[in-house]
Amino acid sequence: MKNTALQRPQPVRWDHGTLYLLDQTRLPLETVIDPYTTVEQVWDAIRRLKVRGAPAIGIAGAYGLVLAMRSQQHLTHEDFLAQLDTQAAYLDSARPTAVNLHWALQRLLRQARQLHQQPVPEIYQALEQTAIQIHAEDRQLCRRIGDHGRPLIKTGMGILTHCNAGALATAELGTALAPLYLAHEAGVSFRVYADETRPLLQGARLTTWELQQAGIDVTLICDNMAATLMAQDCIDMVIVGTDRVAANGDVANKIGTLGVAILAQYFQIPFYVACPLLHHRLRHPSGEAIVIEERAQDEVTHLGQRRTAPVGMAVRNPAFDVTPHTLVGADHRARNLAASYGETLRAGLWPRSSRRLNQRFDASY
Ligand SMILES: CSC[C@@H](O)[C@@H](O)C(=O)COP(=O)(O)O
């Protein structure tokens, strides 16, 4: 058994009331961990992707709300709860697509309302404990995804992943990368292909970095090389994370995921989405209703500080896309026959309809 636990990076840390975030914009060249003491700093870190990946954003947002309320403990109950609402709405505005941020903030708001009879400092203490609990729960959820997905990983496989859904995006193991970490620890040898993931290069900068640190065989490819590698039989499965799941099983994930899913169907390669459905309330009936974050133009017109497009160029920069549920799953032939259900990698269940999918999610967490 190999032990990779020591090499895994920790994107978020809470230590005696101070939040520490690993600045992911500086990876892989520099490993910088900054302390955060104000809600404005946390909002900015989320917005700029210093902390990123749906689960890590949710955890950081929860701690951000705790930081916001620390200096408000002198307020009356009514004013404390009003301020809590205001600060949660502010944090929630940092990034719209990942469900975890909204989910974590709402959980803290609900808890504060339930405790409205308690003295304000006790409500504050409970908020801090819940943020710590959200952090710990994510660690467990990632491990469960890892346990569930590990048997899929077989010796000799080539595995393609897009963006970064690893330790850097979560409390510990990652979602999509959790099965890979556990398979590696169990001695399974496989090769990961990491899409570079334009425009912000989460694959090139982050997935390669964390897998390399863990001693996992990883090869970097440009996004436009995936089709060729599939045609050359280098890819046996695709596994990605998700920022939001709709009730019909459609999944929003980093821009470019849809293209990979279409390719996987063409080449009849299993396409898995790894996620803990605890956070996904399946509020949207289908992927069309999911709000997709549109980011700044310079992320597309520049590579780092260097301009690569003409001045004045029209640009689109949606940060995520939606993969229809019909493209998610392991058996493309079966899916063509019964294309009306989604399959999402989760605790041992492969539901056959979105209604059952919903029930099973609730039952398991
Ligand atoms: C476990 S993470 C799943 C997703 O959050 C991940 O794949 C992703 O798209 C992250 O996007 P990012 O813009 O880097 O926050």
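The chain as shown is numbered from 1 upward.
Cβ coordinates are placed from backbone N, Cα and C, and glycine is handled just like the others.
The annotation in TrEMBL ties Arg52, Gly53, Ala54, Gln202, Asn253, Lys254 to substrate, and of the candidates under consideration, Arg13, Arg95, Arg283, Arg295, the one tied to the same site is Arg95.
For ligand 1, the recorded positions lying close by, meaning a CB under 6 A from one of its atoms, are Gly53, Ala54, Asp243; the full candidate list was Gly53, Ala54, Arg95, Asp243. Every protein chain shown contributes to the tally, and the Cβ of Arg52 (substrate binding site) ends up with 26 other Cβ atoms within 10 Å. The number of other Cβ atoms within 10 Å of the Cβ belonging to Ala54 (substrate binding site), over all protein chains shown, comes to 27. Counting only the Cα atoms, the space from Ala54 (substrate binding site) to Asp243 (active site, proton donor) is about 5 angstrom. Distance between Cα atoms for Lys254 (substrate binding site) and Cys163 (site 'Transition state stabilizer'): 6 Å, as a whole number.
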